[in-house]
Structure formats: structure tokens, C-alpha cells
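Scroll down for the structure; my scribbles are underneath it.
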Amino acid sequence: MSLTAKAEQTRGSILATGEELMLAKGFTGVGLQEILTTCGVPKGSFYHYFSSKEGFGVAVLERYVETYLAAVDALLAQPGTGRERIRLLGEAWAARAGSASAGRCLVVQLAAEVSGFSERMRVALADGVAALVALFADVVAEGQADGSIAAGAPARELAEALYQLWLGAALLDRLARDGTPFVAALGATDRLLDSP
């Protein structure tokens with residue numbers, strides 16, 4: 001293995017470990033020592049890759065968003081009408097909420113926590129959300145064009161409403177822990193998609 005490949009592997013290991021720990025404990029609940037001990041990396045190696053814990057947090061978020069957007073893009077690329085693909089995505093969110101990985105969305109975990117003290121992390125989250133909403137908006141526009149989604153609202157506006165609805169359901173499911181917030185959210189999704 002080349003030195004560059006090993007360095008990327010080490011950096012990736014630190015990021016993956018940080019993501020898992022932050023999903024469980026939040027950003028402020030995880031210390032550098034815990035991250036380093038868990039992935040077996042010395043402190044000097046951490047600072048070789050990241051200038052600070054905040055810089056590390058930004059890198060974790062960027063990696064998470066990139067991976068998540070690729071998964072959503074693949075899901076939305078499935079055959080079907082715009083409505084069917086939006087519903088498929090909503091059902092995937094609901095299934096995730098009702099599974100053992102409930103509450104395992106880094107955006108849900110960190111948005112309120114870090115946006116007040118880290119502008120860089122807030123921007124990474126906001127950029128990720130904007131990219132996700134743009135994917136939604138493209139499919140909503142396709143659904144409006146194919147007639148499966150009502151054309152009453154601009155596609156971007158409807159996509160933002162869907163994201164906000166599902167994000168709220170994901171947050172509420174952290175309290176309920178039974179998937180019921182998504183039952184209501186998917187019903188509301190259908191009503192939004194039908195709104196003239």
C-alpha cells in the first residue's frame with residue numbers, strides 16, 4: 001500500500017469513527033481522545049489531517065453529506081413517476097426511523113447542537129441540506145411534468161416543504177421511537193403532492 005493510500009485510509013478511519021461517535025453522543029459529547037483511542041490513532045496523526053476539532057467536524061459532515069447524497073440520488077434514479085420516486089424516498093426515511101438505526105441522521109443529531117457555536121459546521125450542514133432539497137426539487141419538477149404531482153406550487157417550494165416535514169418527523173421519532181411520526185408525515189406528503 002502506498003503512503004498516500006495509507007494516509008487516506010487513516011484519515012477515512014478517523015472520519016468514520018468520528019461519525020459513529022457523533023451519531024451516538026453529538027459533537028460536544030465526543031472528545032478527541034475518545035476518537036483517537038477508538039480508531040487507534042496517535043494525537044499527532046489527528047492534527048496531520050485536521051487543524052482542529054471544528055475542522056474535523058466539518059470534514060465529518062462533508063463526508064456524511066457526500067455519502068448520503070449519493071444514496072438519495074441512486075434511490076431517486078429508480079424508474080417510476082416523480083410521485084412514485086418521492087414516495088419511495090419518504091418510505092425509505094420512514095423505514096430508517098422505524099429500524100435499529102433510528103435517529104442515526106447526522107443532520108438531525110447536529111443541526112441544533114452546532115449551529116450556534118460553529119459557523120463552519122453550520123454552513124456545511126446548510127450546504128448539504130440545500131443540495132438534498134435540490135435533488136428533491138428536480139424529482140418534484142419531473143412529477144409535475146409527468147402529471148403525477150400537482151403543479152400548484154413551485155417545485156423548489158414543495159421540495160423544501162417535504163424536506164421540512166420529513167426532518168420534523170425524524171426529529172419527533174427520536175422521542176417516539178416507534179415510527180408513528182412518519183405515518184403522519186407520509187399522509188401529509190400525499191396531501192402536499194395533490195395540492196392544486
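Cβ coordinates are placed from backbone N, Cα and C, and glycine is handled just like the others.
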Annotated range (TrEMBL: DNA-binding region) out of 31-50, 71-90: 31-50
For the DNA-binding region (31-50), residues assigned helix / strand / coil by DSSP: 15 helix, 0 strand, 5 coil
Other parts of the chain folded back onto the DNA-binding region (31-50), taken as Cβ under 8 Å at six or more residues beyond its ends: 7, 10-11, 13-14, 16-18, 21, 56, 59
